[in-house]
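Quick notes on the structure that follows.
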Ligand SMILES: O=C(O)[C@H](O)COP(=O)(O)O
Ligand SMILES: [Mn+2]
Ligand SMILES: [Mn+2]
């Protein structure tokens, strides 16, 4: 077999010119669904997006954004930002964390990993702490994986286990945390019957405790640290089911935002603070919302908040969360090796890139886009700008978020003539969609559309090209439905609001005054998905995509 030497240099596209400015816009959580009153894209005034859809059928289409198209275990798995932006940026489909963890647990290989052996060293004398999101959402973690890990760890020598739960209600229905807590309690009771001292030790809602991302608000991580490590929290309960039920009674408190609590014994003492000699595993496989906590557990020098105590522990992540920082050092399952991403190719092929979003999505168009790698490939060729997000609020309060600021930043970057790729994420449809506030989500969709308009106007002025797409669905369907698509009602006859992502496809539109005539979507890639976008964009930059990238969505007809 002959080998050709690897080169970062890409061949020129035979028909498309180099040097065009491309605006690459990802509308977070913006899928395509049938029109009804729970489809906020439909309800909102969205003239710009409507014009793209209704204007040029050969330059607007739908692409797949969930399930196997983005490396998830099954077609029942909704898409999410991590796998979506990984696919968009890398141009290929990688088996993702959810799937890799499934395999490692099923084969037992997880227990042979260096990471597991490292935490196992603490099992004789210390406690094993498992910290993570308690739901079957499959976006950051999965309950069945936690269950297997609990069983496997006890079979591999863990004698004392403490679980620190984060309630969800964002990737799953609000209120479902009670059921997940009951299931977990039941599993831990079974372990206790088998002589393992296993209990829930602390908890809190994922958006208020521990799972912040991109350093938006370290207070969130601190609340988790205080409850999990120090055993201190404003609420104390004897068991997790009671905790979740009682805290949900607080007005305006949902699963996502439960305040931190600790479980105490009959004398009021926390049952599971983390102390010297313990092992800690963060069992989420998804990276973004574990990086900050991983730093708190791992870094000796740390100044983001006062940890009060920094116990000598053995810490491992379910996966390694940041490939560049090698964080954490120990992990139970190797993450997908997402290399040779489109961003890295571009810097070797003379394409200057500008990437921007607000804090809550900033890492999506940088870190996720580049294969879960922080930092620049080449700072002389790239500029990443983060617009600070509002913190300490739920985004239904300010549903316009920073869409306008992001669009203006993109506009200025396009008009500056300094960049050939201007890449942004507009977060509103997703971030407001997750609150379950339908009225606010309609406002979010309108704001998104206005942002797109600003960017398209700049593209026209710069004689550039636009590629408008999304990473997965969310705001286009805000109600839980039965198999026939009919909204499901709860016992009181109210609709069940869907705070999570969806299984819907997402739109992709191309155009702009700089788009050469004759460029259109091919008809022979009907199953195209997010991973086909990278080759498409490379073509629009006048480059052929690497041979192993998923095929381009476009052709040029004479
Ligand atoms: O982390 C979150 O906010 C949700 O679990 C998933 O949303 P995202 O994948 O759009 O970030
Ligand atoms: Mn997203
Ligand atoms: Mn989301």
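Here the Cβ of each residue, glycine as well, is placed from N, Cα and C on the backbone.
All TrEMBL annotations are machine predictions without curation.
The substrate site recorded in TrEMBL includes 170, 171, 206, 213, 286, 287, 288, 289, 361, and the single candidate from 129, 140, 314, 329 that the record places there is 140. What TrEMBL records for the Mn(2+) 2 site is 81, 471, 472, and among 28, 34, 36, 524 the residue it adds there is 28.
Residue 213 (substrate binding site) is 19 Å away from residue 472 (Mn(2+) 2 binding site) when you measure Cα to Cα. Geometry remark: residue 289 (substrate binding site) versus residue 434 (Mn(2+) 1 binding site), CA distance 15 Å. With a CB cut-off of under 6 A applied against ligand 3, the binding-site residues 140, 171, 213, 287, 430 are reduced to 430.
Here is what falls inside 10 Å of the CA of residue 28 (Mn(2+) 2 binding site) among the recorded positions 81, 140, 171, 213: 81. Reduced to three states, the DSSP call for residue 430 (Mn(2+) 1 binding site) is helix.
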